[in-house]
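Engineer: Below you will find the structure I want to go over with you.
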Ligand SMILES: *Cc1c(COP(=O)(O)O)cnc(C)c1O
């Protein structure tokens, strides 16, 4: 393994940690090359919604690959993209009339930011300031790092990051400070506010209320500040509803979707925009054209996978599976929360999170120690600092969830004995 030329993401090769090889995956299980079976309790980094290798998605990919694999999307179109766009229009907020394709969560956010700035410039009233929330995460490119939390992840690149206005996370009983800061930023003529609705993922699975989300949207609307919902993680049922925004009755001006769009099988992203954002770029000449594209924009194979995902949502009892998983997560978490080392247990939809012991930085060694212990016990969990979260695929069985929580309890007991 150490002879591999691969440079892995978020991996310090100098630590010599093992890098297991996965040969096959099915439902919530990973089958390793060495014969072990691992429970995927984080949906392969939050993307796998229905389960690995869903037969309908796999079949759609195979059929499309044999028919039309790739085609330039600037000035050309194809049936899977058209079908997907119409399908998204049917289930996403009514005001989002336009669908722009890209390839990842990060690019969907870059596109959203460019749309927002283009909107103001093309209207002849340039606004440039972007408002963000403390602890937010929107991707790892320079633009998305600029609107995300600053820290150990991006210190080396800080000179390249653009300036933003950051408002505090709406901690319980301190929501007003967040709303006041947003109001002030909007009054100063902010171009857009970007936020992860109801739960900040990479920032530590921090959950806040739907009333606050609704109020933030209202404040933006009253000042014309565009409201960008980054539902890259929260979309596709993660928080219990198709979109987290639904729980607050919020219709964003711009919506970012990626993880879960193809059921987690293949990369694809969309940025959906309101008619006003689209119309600001619409003209009888090329002057206001939206200058963004990548080679694989709206790749037909990926679009076919996403169409199969929409079919699954339409025809299979997805909402029931999510409700059942949420209920099971709630029961397991309530039980685990009695352990003296567990702090701040929190839950939304299919996500359960808690802190182990007291706050520690991302670079403390608790996270890698726990990661290694989970791996030795054949459970894929990847703590964020001392925050452990369970975010499994919707097909996860009661027995599999029991095994995950039993492992968490065992690891907590080892950590407790060693502190
Ligand atoms: C993962 C994530 C992104 C980035 O998506 P990638 O596909 O990894 O580029 C953006 N926003 C949120 C909220 C995410 O969780």
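Note: Cβ is positioned from N, Cα and C throughout, glycine not excepted.
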Engineer: Quick check: of 230, 355, 358, which does TrEMBL put in the same pyridoxal 5'-phosphate site as 105, 106, 294, 295?
Structural biologist: 230
Engineer: Among 45, 76, indicate the single residue that TrEMBL lists for the substrate site containing 137, 259, 293, 382.
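Structural biologist: According to TrEMBL, the candidate sharing the substrate site with 137, 259, 293, 382 is 45.
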Engineer: Have a look around residue 259 (substrate binding site) and count the other CB atoms within 10 A of its CB, chains all included.
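Structural biologist: Its Cβ has 26 other Cβ atoms within 10 Å.
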Engineer: From the binding-site residues listed here (230, 293, 382), select those whose CB sits under 6 A from an atom of ligand 1.
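Structural biologist: Close enough to ligand 1 are 230.
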Engineer: Could you check which of the binding-site residues 105, 230, 295 is the closest Cα neighbour of residue 382 (substrate binding site)?
Structural biologist: 105
Engineer: At the level of the C-alpha atoms, what whole-angstrom distance separates residue 259 (substrate binding site) and residue 105 (pyridoxal 5'-phosphate binding site)?
Structural biologist: 7
Engineer: Given the binding-site residues 106, 293, 294, 295, and counting only Cβ atoms in the protein chains shown, which has the most within 10 Å of its Cβ?
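Structural biologist: For the binding-site residues 106, 293, 294, 295, the Cβ with the most other Cβ atoms within 10 Å is 106.
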Engineer: With DSSP assignments reduced to helix, strand and coil, which class does residue 230 (pyridoxal 5'-phosphate binding site) get?
Structural biologist: strand
